[in-house]
Amino acid sequence: MAKPLTDSEKRKQISVRGLAGLGDVAEVRKSFNRHLHFTLVKDRNVATPRDYLFALAHTVRDHLVGRWIRTQQHYYERDPKRIYYLSLEFYMGRTLQNTMVNLGLQNACDEAIYQLGLDLEELEEIEEDAGLGNGGLGRLAACFLDSMATLGLAAYGYGIRYEFGIFNQKIVNGWQVEEADDWLRYGNPWEKARPEYMLPVHFYGRVEHTPDGVKWLDTQVVLAMPYDTPVPGYKNNTVNTMRLWSAKAPNDFKLQDFNVGDYIEAVLDRNLAENISRVLYPNDNFFEGKELRLKQEYFVVAATLQDIIRRFKSSKFGCRDPVRTCFETFPDKVAIQLNDTHPALSIPELMRILVDVEKVDWDKAWEITKKTCAYTNHTVLPEALERWPVSMFEKLLPRHLEIIYAINQRHLDHVAALFPGDVDRLRRMSVIEEGDCKRINMAHLCVIGSHAVNGVARIHSEIVKQSVFKDFYELEPEKFQNKTNGITPRRWLLLCNPGLADTIVEKIGEEFLTDLSQLKKLLPLVNDEVFIRDVAKVKQENKLKFSAFLEKEYKVKINPSSMFDVHVKRIHEYKRQLLNCLHVVTLYNRIKRDPAKAFVPRTVMIGGKAAPGYHMAKLIIKLVTSIGDVVNHDPVVGDRLKVIFLENYRVSLAEKVIPAADLSQQISTAGAEASGTGNMKFMLNGALTIGTMDGANVEMAEEAGAENLFIFGLQVEDVEALDRKGYNAREYYDHLPELKQAVDQISSGFFSPKEPNCFKDIVNMLMHHDRFKVFADYEAYMQCQAQVDQLYRNPKEWTKKVIRNIACSGKFSSDRTITEYAREIWGVEPSDLQIPPPNVPRD
């Protein structure tokens, strides 16, 4: 008789191995049916389209989960170095389609849903965007997570689970109005709460120096509840984790004040603690020193570092070897990447844990911290740099303030020893800025406390070294690197532009999806008549589809054979949507002046959100909509020029407009845009770029040949020279009649007859204090736009340039970017190892 199984042996039956995957259409249908009835508790008589979406999401998620568990088991066994990407923003967009694409499930799901009498595309459109970011910085983090999973890195994204993401933008009477983005209202099928890993985060209190070391006492505690979202790599069975923290009040919150007798009041006040993760701050490239924001920054850092250290200590390696409780090996097992200065508190927090809690001596702790942390700089705009008042730290994080002072003192002692008597250098390099309000310069803290500092495009990294952190570069040049940004080709080609992806696959196979440099193989096809026709046909189909979408969603009818001239990004003076406006007004005036002349028809689309408190940006939106009101209703103009403001620009709208664009506008003042990634998305999707020599545009021109982009305007050196000389806007206004006419029309109320003074602030800024020198580039921009028109008249030559651009866009994959981070900053190698799927036994 067989020996009875032990409990431990019985438990081996609890395994992901025995669970069927989604091999075929029948299984998808079965799983969909099961989830509709058993998970959502609906039948077809009462199910809503959203129920069908959720049933499909749970079906796809089932397929993910086995791989997710397997991946974590694999990491536990191999114990690789872990990469922790810390960011206050992850702009993920929608998840369903991306998950199906990366798991290779799209065709099976499409067919199953079709067989059930439903439409997959209609279901996909119901899903909310996860809008936990403002723009480029948050979207970069999302692309990076995709690439890290695809490259088999043991990586984790850590951030905040904002209850309300970036606001929804409504346009009312031409003005932006913000609405709360209640993205979790119907639940989120992709996240898994992990209350068992809930962690305390401390605020306020006081510091006591005792013989046993330093104690941070009498703090207020907020709990951080983790929610995990799977991040699937592309067809490699790797599923990484994005862990977002949500704030919860502890059960005894304020109840220690019970003698006050107001139990109800105490429970209601739990909201105060939980407000920490309530809402994303909607500022892009602008620092607003609010205490709640500082709380958010410390909240994510404190929870994440506890989690990192828990994982470090409990790893398999640590069980076998006492070395793990000694932190010497910490930088060999942990890399922390700071996405801008927002998670800068990681540096003093790691020091606090090592010195105060783990009793590591200061110098050793500092060495560990520096080897572990690396910092990515994303902007050179002075108004965007984080400078927190010391008084706020004193109250909120008193121990961290002491640690920052100590870090700064040692740093300044070091600088003083190297540059004796150079007092001004000490002032410039201090973490503490003296003045009426003493401030902590978070960028300086990041540079001092990291072993690597990188910019996000070559030109930006040079500006970082020669200007923003010049003194620090002179001190430690080996620290500074460049890592040109990239985008994931899975979302930004395969998912959003399947027609173009298929056309490319027919010619060069599928390898380019994980090695975008393979697109170079398209270069010999640049004169291939059939390929030229195929590429042009895909673009026309995308334009027709987007035209239909505009008509349905925005009730706007456009001419699909016009040039789609697209300018979509956050609204900011440095991005110069105003330069685009001046071009549009000038074109309008030319049509009115000579209506019989042949014009290349254009549909100009401008989209993007303005920070709610940014008056000028909101006024720019009003100007765009007002110009549209005049131009679009002028019978003389007809179909030749249309101006559309794309309301509520977000990831899911980008996925529609980018594949349809002919012309991509990337026209920031040289030296202002760190990199840009929209520029890369348009390039990969077959739009031509009009742009300045700024950010990644420089490298795009280098890759594709400047003659295959429309480059214009001042370069960084010219901008600097103009600053030294003194920029005088009036000179341009007086000498360029078309510019003068356009500015006068805006100024006089031609576009705002009911409010003639509506745009006086814009004109005043342009004439008297325009930091971004719009007028200085106007003439060159107009000439460049004329070249665009000329080429567009020759569709074949236009498409040849498009093909060259697509073929040369390989550098701009986030896979390449992440490979560089891995090798040159984190000290890990990407892996093309396929983790066995759940139905295959492990080694």
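Keep in mind that glycine also has a Cβ here, set from the backbone N, Cα and C atoms.
Annotation source Swiss-Prot lists N-acetylalanine at Ala2, citing similarity to another entry. For Ser15, the entry in Swiss-Prot reads phosphoserine. What Swiss-Prot records for Asp43, Tyr197, Arg310 is AMP binding site, and it gives similarity to another entry as the kind of evidence. Annotation comment: Swiss-Prot describes Tyr76 as site 'Participates in a stacking interaction with the adenine ring of AMP'. Annotation source Swiss-Prot lists site 'Involved in the association of subunits' at Cys109, Cys143, citing similarity to another entry. The feature pyridoxal 5'-phosphate binding site is assigned by Swiss-Prot to Lys569. Positions annotated as N6-(pyridoxal phosphate)lysine by Swiss-Prot, on the basis of similarity to another entry: Lys681.
Here the binding residues for AMP are Asp43, Tyr197, Arg310. Their largest Cα to Cα distance works out to 44 Å. Around Asp43 (AMP binding site), a 10 Å sphere centred on its CB holds 10 further CB atoms from the protein chains shown.
You'll find the Cα of Tyr76 (site 'Participates in a stacking interaction with the adenine ring of AMP') roughly 25 Å from the Cα of Cys143 (site 'Involved in the association of subunits').
Taking a C-beta cut-off of under 8 angstroms and a sequence separation of 6 or more, Cys109 (site 'Involved in the association of subunits') has the following same-chain neighbours: Val28, Leu56, Thr59, Val60, Met100, Leu120. Counting other CB atoms no more than 10 Å from each candidate's CB, the recorded positions Arg310, Lys569, Lys681 peak at Lys681.
Among the recorded positions Ala2, Cys143, Lys569, the residue whose Cα lies closest in space to that of Asp43 (AMP binding site) is Cys143. Per-site Cβ counts within 10 Å over the recorded positions Ala2, Cys143 peak at Cys143. Using a 10 Å Cβ-Cβ cutoff, Tyr197 (AMP binding site) registers 16 neighbours. Of the candidate recorded positions, Ala2, Cys143, Lys569, the one lying closest to Tyr197 (AMP binding site) when CA atoms are compared is Cys143.
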